[in-house]
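Novice: Annotation source TrEMBL lists domain 'Acyl-CoA dehydrogenase/oxidase N-terminal' at B:78-160. TrEMBL lists B:165-273 with the feature domain 'Acyl-CoA oxidase/dehydrogenase middle'. Look at TrEMBL and you will find B:284-451 tagged as domain 'Acyl-CoA dehydrogenase/oxidase C-terminal'. The domain 'Acetyl-CoA dehydrogenase-like C-terminal' annotation in TrEMBL covers B:471-592.
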Protein chains: 2
Amino acid sequence: MPQYNPPLRDLKFVMHELLNVVDELKLLPAHAEVDADTINAVLEEGGKFASEVIAPLNLSGDAEGCKLDKSSHEVATPKGFKEAYKQYVEGGWPALSCDPEYGGQGLPVLVNQCMYEMMNSANQAWTMYPGLSHGAYEALHAHGTPEQKATYLPKLTSGEWTGTMCLTEPHCGTDLGLLRTKAEPQADGTYKITGAKIFISAGEHDMAENIVHLVLARLPDAPEGSKGISLFVVPKFLVNADGSLGARNPIFCAGLEHKMGIHANSTCQMVLEGAVGTLVGQPNKGLAAMFVMMNAARLGVGNQSLGLTEVAYQNAVAYAKDRIQMRALSGPKAPDKPADPIIVHPDVRKMLLTARAYAEGGRALATYVALQLDKALASDDEDERKAADAEVALLTPIIKAFITDNGWIATSHCMQVFGGHGFIHEWGMEQFVRDSRINMIYEGTNTIQSLDLLGRKILANNGATLKKFGKKIAEFVEEEGVNESMQEFVNPLADIGDKVTKLTTEIGMKAFQNPDEVGAAAVDYLRVVGHLTFAYFWARMAKIALEKKDSGDPFYTAKLATARFYFAKLLPETAGLIRSCRAGLSPLMEMDEALF
Amino acid sequence: MPQYNPPLRDLKFVMHELLNVVDELKLLPAHAEVDADTINAVLEEGGKFASEVIAPLNLSGDAEGCKLDKSSHEVATPKGFKEAYKQYVEGGWPALSCDPEYGGQGLPVLVNQCMYEMMNSANQAWTMYPGLSHGAYEALHAHGTPEQKATYLPKLTSGEWTGTMCLTEPHCGTDLGLLRTKAEPQADGTYKITGAKIFISAGEHDMAENIVHLVLARLPDAPEGSKGISLFVVPKFLVNADGSLGARNPIFCAGLEHKMGIHANSTCQMVLEGAVGTLVGQPNKGLAAMFVMMNAARLGVGNQSLGLTEVAYQNAVAYAKDRIQMRALSGPKAPDKPADPIIVHPDVRKMLLTARAYAEGGRALATYVALQLDKALASDDEDERKAADAEVALLTPIIKAFITDNGWIATSHCMQVFGGHGFIHEWGMEQFVRDSRINMIYEGTNTIQSLDLLGRKILANNGATLKKFGKKIAEFVEEEGVNESMQEFVNPLADIGDKVTKLTTEIGMKAFQNPDEVGAAAVDYLRVVGHLTFAYFWARMAKIALEKKDSGDPFYTAKLATARFYFAKLLPETAGLIRSCRAGLSPLMEMDEALF
């Protein structure tokens, strides 16, 4: 069975050495008192919960899956899941970064980000139950009425209730404008909602006493398309005025999907048969309200693959040190053994280092974005809030798509290190691959992310946000330009920065002629910009490692070696991507649809 | 449920237009009478068997899996598998390219190659049962005694019995020199074999009356390592002198593996408790004998992913034409519908065309190699046999590794086209991804293939075989150099050819200093050379398509568009691979093992 050790040293490095989060948080009134000891203590305790409570349930949960009782519509989660959730609630974990007004601990988002990375490493399927609650919490927090907030937020904060997002229908996922679920206004101000939803993660389960569904539906006479969608909160059990649970609301699980991965999460077909809900936000503005939840969810999905990359790496390293097979081409390295441990073989190291560089690079980027999110939420300076918000918006599709694509590559490499054993369930490696695959799809496919990045976040404002972020990179390059030992990092960083600038302009020009050029370029483009962000953070991490390399702490030796690996072996991928991207639209459109 | 249509038009194109196989076969005495009608008739009937008999069992077989009865050691295959196998045997399919001396039809290997591509598309797990028989057939045909041939070959040819390869043990897969299974000589000239084997595909099942295991084991006092391994044939039921079945031989299935994919194939842990076997070939020369089987198996594995790429492509195209979602960025393409079919979106086309270009390129390469194999086996000119054999040896690791890596990319893309539905079992797309994953591992991991290519097939003879193959490419480039319409294909082909030459020399030089440089370069290098072979066949196919583009047959229009796509969007990957490859060994070895 796979093991998991919370990467506390690297989490602390990113927080305290790379990003100096405590100093940054001091500038935010709500978090001015947060000190390093508090953050570290939370991470240490959180790491124990992840590695000791939920990691041991990952493999068994995958084998067992969820079971629907069709007569009662109740779903049983795998053995141990309920109990672990009870412990999670008792530990106060759901409240970590929630609003103190509703019982939350008010810690920065970035602490929650790190906690979630560890939980995702330990058990992605389990972590989705509380993870989706947090999205519902955020949508209600931002758009709920005072009554809705009073009714739902304390229970979501405590974790006594969980939440869902009910968006997708059988005929529409990406294109929510097509959705058909209907909401009929009632005399008492509530709505009766009728329709069918699919792919509802954690839509039904036995871990909490109530489930708070956020449901997209159409009001009567709503405009067609995406401008006629409203958001409703629809609890599994209606809630009485005193907060106690009332009648069962007719929102039922009609079926569970049989999936490639995340078997232990219940992916439900939900049927609403006149379920009672209340409107969240403005009529017909449901998509905007839902996007609060969706943006958080997109960051959360990138974080899922970050977690899987880390845990896959750890287990592949352990195997590569233990498994002996063949001799190094350069001669025996363990002459006392019948063969060398496979970690002596360059390609095994390449697979391991790929996963390591993607995990550590992803952690740096994701934590950075979480810090910007804290600024966007809690700064008392409006300009800073806006700037931080724009940067989060820019980097969200990169976190979602680049980190999940990397996770697919990395988990597959780590599985490959195990040879035939990697394909066998009991080793746990193939589960990481299967679980990671959904992350490239849900909360907006990675193609949709790339269109969001290139079309909406970059070209729509003439690259202004990208330029701002690019300026940070340029300043770093300028500063380190005189530092001889940093040349091996800042030169390729400057180079890829220049190439992104040029590429962006080129695509922008072509898109004037034909907007489909954006769709042709977007996926390659996102991956190039993803590498730009990783190169930036790897160069910054290399700088710290160089400064401390004589400290005697091997952590910095490893960091420097991983940075060098990243620049030598992973960043070069951009050379091919840029060429492919520049080849443009016509090779994709030449063939008539009928000829496919 | 996925559908499968045998790609007969493209198979015939490759055979008769690209490779002119009938003319080539006329030069081989054994195949001089084979005409196009015969080949086409076999493919048409074979395609019906694949699409009508075994394709409908693929999804259900995956869901059901195999079941071991631990008391009887018998394995039940999924519903319908036995009956399909009976039909396969009654149709005479196992005998297709077998030796007429043992009841075979004596058709060229390349016909069998195409038949297997179709069966792999339809049902990889099912196809492995007869597929492994063919490997056992070849090992016995090449190395068996007259008695062994008389006993086993007719039954393997008819398909009444199936075969296996029993190589791997729990502590050794790649490094067979470590194996421990023992063979004790008996007074009657047989051996009693004792040991434990794992990952034995089709090791036990209910589809045939006997199973012929080819087992690697050590004789007493055998030298250590790979020079002390012998090959034995060990039947499930001993065979009496009259050919009837005798006693059950103590070679038992002790467990079935729970795997990521190919659920319907029984992957067995086999225990030999003094099982009776006879020696195949010379004592201690078992690995050499086994390599006959292994080389065939490696080509077979590439063919598995070729089949999966084709079927995944077909289903993704059907979905992309049917599913409506969003409008084209350049404006509605199906204004009469509430949204456009997703095939209008450039990135959906990119994913589809990637799969198509890999399927058609792989088919051209694999069929070409099968033709060379026919020459190596059946030419009456020794020089031609040797040259063909060397070329097959060179291209085998490329077929195994490049096509299976491409299959992983392509099946994953095709699944992505389905969005969330791709992750759901009933659509069948995620099964193609899971099934394809094993092809990168078994019969020598893709890392081992790359070492075989670069170390043994190229550097060991100073690139002589590669140069010979390169000469064919150079001749084609030279010939088409004056053809203006071919410039877009031959220029990049010439360019990648030059780059491969330069890269090979560079690595060769570095490897003199440190042999580990080979291990550092090999995986990137194989992928670059893989692209060189694909670029060569795509350029040749483009030439034919250009010549026939005014024929009015849209087949050539599509072929030309796919060729252009390949050169514009896939070949550029080599730019990054070459950069990564040239970065060499040191970024992989800098970090001390303890720091991973």
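Note that Cβ sites are derived from N, Cα and C of the backbone, with glycine treated the same way.
Tell me about the setting of these features in this model.
Specialist: Averaged across the domain 'Acyl-CoA dehydrogenase/oxidase C-terminal' (B:284-451), the predicted model reaches a pLDDT of 97.
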Novice: On the DSSP side of things, how many residues of the domain 'Acyl-CoA dehydrogenase/oxidase N-terminal' (B:78-160) fall into helix, strand and coil, could you say?
Specialist: 64 helix, 0 strand, 19 coil
Novice: What does DSSP give as the helix, strand and coil breakdown of the domain 'Acetyl-CoA dehydrogenase-like C-terminal' (B:471-592)?
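Specialist: Counting residues per DSSP class in the domain 'Acetyl-CoA dehydrogenase-like C-terminal' (B:471-592), I get 106 helix, 0 strand, 16 coil.
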Novice: Give the residue counts of the domain 'Acyl-CoA oxidase/dehydrogenase middle' (B:165-273) per reduced DSSP state, in the order helix, strand, coil.
Specialist: 7 helix, 56 strand, 46 coil
